[in-house]
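Here is the structure we will look at.
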Amino acid sequence: MRQALKELDLNIVDMSDQNATLDGGDVLFTGREFFVGLSKRTNQRGAEILADAFKDYAVSTVPVTDGLHLKSFCSMGGPGLIVIGSSEPAQKALKIMQQMSDHRYDKLTVPDDLAANTIYMNLPNKGHVLLHCTPDEFPDSAKVFEKLKDHMLIPVSNMEKAKVDGALTCCSILINKKAKV
């Protein structure tokens, strides 16, 4: 991974503090700010290192009391749109995020927390694209995504990844960089 990021000429920050932990599944970048879930896999020191690396953005921490990490029940569904699960812990986390932020985000609440783990992309010639769970996995949540009329919706199965606590965002790194052609 390090080599691939170097080849893209991206800045790499090493966490040299042995006590710091930061799981990508606990980092939600909204395009304006970062929310970092404090969970079994991410601690305050990890959030502080992230804040040091991205000084131009606000970094707020959110306690994750239920679920593996922050993205177990939320993700970005588009610019200014947070997809959030309907469970009490998910809604509590959303409330904390809303209190910590100066920006007012729109929200799309889905019945199933795990279905809130989506991948949003704004692609040339395609526009808003959202990868989300399949109707076979979460039929009620899949119906909610259909409300996003301005998005190209692509259902992606997560059944195999879910067996090892994986989700859609676990298998992706989104890089906003123009390809050299």
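We number each residue from 1, going along the chain as drawn.
Each Cβ is built from the backbone N, Cα and C atoms, and glycine gets one as well.
Sequence annotations record features per position, and here TrEMBL assigns active site, proton donor to His69. Residue density at His69 (active site, proton donor): 25 other Cβ atoms are found within 10 A of its Cβ, drawing on all protein chains shown.
Counting Cβ atoms from all protein chains shown, Cys170 (active site, nucleophile) has 18 others lying within 10 Å of its own Cβ. The feature active site, nucleophile is assigned by TrEMBL to Cys170.
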Exercise. Rounded to a whole number, how many Å is the Cα of His69 (active site, proton donor) away from the Cα of Cys170 (active site, nucleophile)?
Worked result: 11
